[in-house]
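Enquirer: Residues annotated as active site in Swiss-Prot: Asp63. What Swiss-Prot lists as ATP binding site is Lys34, Gly35, Gly36, Val37, Gly38, Lys39, Thr40, Thr41, Glu246, Asn273. The Zn(2+) binding site annotation in Swiss-Prot covers Cys284, Cys287.
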Amino acid sequence: MSSTAIIGDDDVLEPTLQCLLDQKTLRWIFVGGKGGVGKTTTSCSLAIQLSKVRKSVLLISTDPAHNLSDAFGQKFGKEARLIDGYDNLSAMEIDPNGSIQDLMASGGADGNDDAMGGFGLGGMMQDLAFSIPGVDEAMSFAEVLKQVKSLSYEVIVFDTAPTGHTLRFLQFPTVLEKALSKLSQLSGQFGPMLNSVLGARGGLPGGQNLDDILSKMESLRETIAEVNSQFKDADMTTFVCVCIAEFLSLYETERMIQELTSYHIDTHCIVVNQLLFPGKDNACQQCGARRKMQKKYLNEIKDLYEDFNVVRMPLLVEEVRGREKLESFSDMLVHPFQPAHED
């Protein structure tokens, strides 16, 4: 697929991400791929473009290696913060690992009635929670959703962790629903005994009772079920795959697309980064060899993903850091790069 112009043929999709800007119903956009392929640069640039056509945009990093702060040259944390130079684009960085202890320890401590409250279940419930595979990602993502739900953003862009973690991350609604259903089932069977034990030990923290906790857990389950439904709605959610033209990256991309399809999550855009476009008389043998290899995998991408919007991005001479360079990079996501020479 040529990146020198937007192709008008109805049988060929445009090599841009303009379709994401035009789809006004989108609320959740995930950007992911193998490590080191330019996910953060792509997600930041896409968020910048979205901010030009949407009222409010939130960019969230769920990658423990948080690069949003480095990309924009501005410190971000667990709370959403406006990005310098924008009045409708905010960012936040949340580590999806290791927050379950904090959630359980803080549940109900301040007496609020939010959906994540009431998780001071004692050692027995903590052991049960930790025994459920994937519950750490699930609980952490629920914390993200709690913060997101308390704010008002028209579209949310996720800069995700490398492929394997992201795929587990996207399973969280199912995992959490199963976990909460299991806890509810156990409470039905052992509720009286638990109440007796808890009563003998002075009850739960904050003076809560088991019924209140179960009620909050059911409320949380309903919230997760709603988000799960939205994630599987192609009008509201899509996943942008980022890769480079190499075997391992293409393999990871194909595996990710297969997994996303099995989760019923829409994906129809691929960004291929770090492409070489050597000049016609370039004498660099390494450049020529690498370009030859890249062309091979670009042809495979063209054959495999003919029904995808495939964006081809050049290898740049400088790092894409700071607002000005991100703005320039983002323009190439909607206006295809035109190399001086292309063999």
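Backbone N, Cα and C define each Cβ position, glycine as well.
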Enquirer: Can you check which residue among the binding-site residues Cys284, Cys287 has the largest number of Cβ atoms within 10 Å of its own?
Expert: Cys287
Enquirer: Ranking the recorded positions Asp63, Glu246 by other Cβ atoms within 10 Å, which is at the bottom?
Expert: Glu246
Enquirer: Per 10 Å Cβ neighbour count, which of the binding-site residues Gly36, Gly38 ranks highest?
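Expert: When each Cβ's neighbours within 10 Å are tallied, Gly38 leads.
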Enquirer: Given the recorded positions Asp63, Cys284, Cys287, which one's Cα is the least distant from that of Gly36 (ATP binding site)?
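Expert: Result: the closest of the recorded positions to Gly36 (ATP binding site) is Asp63.
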Enquirer: Taking only the residues the record lists as binding ATP, namely Lys34, Gly35, Gly36, Val37, Gly38, Lys39, Thr40, Thr41, Glu246, Asn273, what is the largest Cα to Cα distance between any two of them, in Å to the nearest whole number?
Expert: 19
Enquirer: Based on Cα distances to Glu246 (ATP binding site), point out the closest of the recorded positions Asp63, Cys284, Cys287.
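Expert: It is Cys287, whose Cα lies nearest.
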Enquirer: Relative to the Cβ position of Lys34 (ATP binding site), how many further Cβ atoms are located within 10 Å?
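Expert: Its Cβ shell of radius 10 Å holds 22 other Cβ atoms.
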Enquirer: Have a look around Thr40 (ATP binding site) and count the other CB atoms within 10 A of its CB, chains all included.
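Expert: Around Thr40 (ATP binding site), other Cβ atoms within 10 Å: 22.
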Enquirer: Rounded to the nearest angstrom, how far is the Cα of the residue listed as 'active site' from the Cα of Lys34 (ATP binding site)?
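Expert: The Cα atom of Lys34 (ATP binding site) is 12 Å away from the Cα atom of the residue listed as 'active site'.
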Enquirer: Would you mind reading off the Cα separation of Cys287 (Zn(2+) binding site) from the residue listed as 'active site', to the nearest angstrom?
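Expert: Taking the Cα atoms only, Cys287 (Zn(2+) binding site) lies 32 Å from the residue listed as 'active site'.
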